[in-house]
Amino acid sequence: MRQVKRWLDKALATASVALFTLLVVIVVWQVFTRQVTKDPATWTEEAARLTFVWLGLFATALVFSERGHIAVDFIVRRLSDPVQRLVSILVQLAIIAFASLILIWGGYRAAGRAWTQELSALPFTAGQMYLVLPLTGLIITFYAVYHVTAIIRRTEEAFAIDDAAEPV
């Protein structure tokens, strides 16, 4: 499971960097064609939007890998270790529920419903664009299961250690 996590981390980081680079290139091209050539490339706005959505969701999945999502845990950190572990597991189970229900199931339904809806400026359909939802849902679910397992085995702290946090 640890090897799969490492591979996914590298794949998501690489994809995020590539998508960010692509987004910058698309936006620069959009500005160049609009301001310099006075003939704006019509596909750039839609391509930038699609790239931004995919980048945001891949980066979000990567944040879940590192347990870097926002957590208000100042009260929980004052509790005993077993209670902290229980709360942390419950948080991961809530993440699994959200990723499964909203991202995987809802994303699959959204992609299916929009599969034939063509995008106006790109050779993709809206359904193909929405495939990122169930894909990232599966990845986030994997990460949450990984963290639950690690918390139970005590190979991971109940809550991610925040180096920048002030002591409570």
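Every residue, even glycine, has its Cβ placed from backbone N, Cα and C.
What TrEMBL records for 23-152 is domain 'Tripartite ATP-independent periplasmic transporters DctQ component'. Summarising the annotation, TrEMBL assigns transmembrane segment to 12-32, 47-65, 86-108, 128-146.
The stretch in 12-32, 47-65, 86-108 that contributes the largest number of Cβ pairs under 8 Å to the transmembrane segment (128-146) is 86-108. Sequence-distant neighbours of the transmembrane segment (47-65) (same chain, 6+ residues past either end, Cβ-Cβ under 8 Å): 5, 8-9, 12-13, 15-16, 19-20, 22-23, 26-27, 30, 95, 119, 121-122, 124, 129, 132-133, 136, 139-140, 143-144. Here the domain 'Tripartite ATP-independent periplasmic transporters DctQ component' (23-152) has, by DSSP, the following mix of helix, strand and coil residues: 97 helix, 2 strand, 31 coil.
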